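These notes concern the structure reproduced below.
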Amino acid sequence: MALCTDVVCDMTGITLANVDDVQAGIKEIQRARIKVRFVTHDNPQTAKAIAMECGILASDRSDASEVIFEGEAFRQLSDSQREDLAEKILVMRLSTPDDKLLLVQALRKREKVVAVTGSVISDAGALQEADIGLAIGEQATEVVKESSDIIILDGNFATVAKGFKWGRSMHEKVLRVMQQQLTANIVAVTINCLAAVYYGHIPLNAVQFVWVNVIIFGLGPLVLATEYPAERLMDEPPIDRGQPLIKYIRWKRLLIQVLYQIIALLVINFQGGSLLKNYTRDHATKVKNTMIFNTFVICQISIEFGVRKTGILDHPLKWITANSVFLGIVGIILVIQFIIIEFLGKAFFIVRLDWKEWQFSLTLGIVELFFALLLFVKHLTQRNHH
């Protein structure tokens with residue numbers, strides 16, 4: 001639903017008892033720069049009145065011939081004419097289910113991502129043709145439910161608007177996880193390549209990276225699943241379906257995080273010997289590699305704090321403590337990391353660390369956290385100024 005550009009509805013099944021809720025839902029969808037198009041079999045006067053009351057049609061455009069169109073006239077147009085007109089129509093009156101289907105087809109041919117609402121059997125064709133089929137209300141027929149992608153049980157148009165917000169939120173969350181995975185991969189490959197060339201061995205092995213992936217793909221999605229969608233998402237335009245996900249990655253932020261982690265781990269890798277003078281050369285190498293692994297893991301956990309964005313500017317302290325699930329997951333991850341370092345060294349090809357070495361790793365990880373938060377706050381501030 002993050003890509004949706006148009007909603008074609010007929011208000012059948014929509015709860016009109018509270019017109020304010022319908023108006024609020026439509027206003028919220030329009031705020032997200034999604035066009036709401038009203039298709040109805042009602043006569044011109046009734047169709048116009050409903051559209052104006054719900055906020056689909058503004059009073060200053062109520063007489064525009066291209067904004068309000070009749071189903072029969074639309075049906076008689078050629079395919080190219082329908083495509084040209086479809087983007088302008090806000091109300092189609094005296095229409096049939098076939099007219100609704102033709103409108104959906106015309107919009108999709110213009111690369112629009114179309115959501116369609118429906119509740120009766122005659123809507124099945126349009127629901128199947130649409131990118132997103134929305135069955136409205138529990139009273140919707142079984143055929144309609146099977147033809148739809150989502151069922152709006154309460155029949156409230158405001159719920160449809162919430163669906164678009166959650167859809168955009170999920171798209172953003174997928175991007176965050178993908179960006180974090182890309183960051184971890186670039187850092188790990190770079191460190192291992194440089195270490196292999198210089199020392200002939202790699203500090204981060206496959207078993208360790210499996211654990212890192214568990215953090216990213218386990219902790220990351222769980223954290224994001226507990227976050228409610230940000231209101232700002234409804235102020236942004238729909239996602240362009242023709243663009244790859246990678247286009248929406250924030251490369252500047254990714255580059256800064258990658259550079260910091262690489263520099264931090266390289267300092268340990270190439271200067272670790274001077275920090276571990278009391279150890280034998282062989283043991284110092286093992287401790288150094290363990291510190292690289294430990295710091296790398298803590299940096300990934302720190303990035304998760306940057307992933308949680310909602311409310312950071314309004315209530316910073318509440319932002320840290322509000323999500324108990326997130327804090328619990330972070331606590332569990334840190335405990336497991338401690339157990340891995342202190343008790344599972346053979347399985348991960350590492351050795352125990354003393355408190356100073358732990359302190360060093362935690363410090364580098366906390367600095368990564370400040371980088372992540374600083375970059376996001378800067379991004380929010382710049383966007384608010386625009």
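The backbone N, Cα and C atoms fix where each Cβ goes, glycine too.
Lifted from TrEMBL, the feature list:
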type	residues	note
DOMAIN	202-372	domain 'Cation-transporting P-type ATPase C-terminal'
TRANSMEM	182-200	transmembrane segment
TRANSMEM	206-225	transmembrane segment
TRANSMEM	254-271	transmembrane segment
TRANSMEM	291-307	transmembrane segment
TRANSMEM	319-340	transmembrane segment
TRANSMEM	360-377	transmembrane segment
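Through the fold, the transmembrane segment (206-225) approaches residues 173, 176-177, 180-181, 184, 188, 293, 296-297, 300-301, 304, 307-308, 323, 325-326, 329-330, 333, 340, 347-350 of its own chain, all at least 6 residues removed from its boundaries and within a Cβ separation under 8 Å. Beyond the ends of the transmembrane segment (182-200), by six or more residues, the same chain brings 209, 212, 216, 249, 254, 257-258, 261-262, 265-266, 269-270, 292, 296, 299-300, 303 to within a C-beta distance below 8 angstroms of the stretch.
Confidence annotation: the domain 'Cation-transporting P-type ATPase C-terminal' (202-372) carries a mean pLDDT of 82 in the model.
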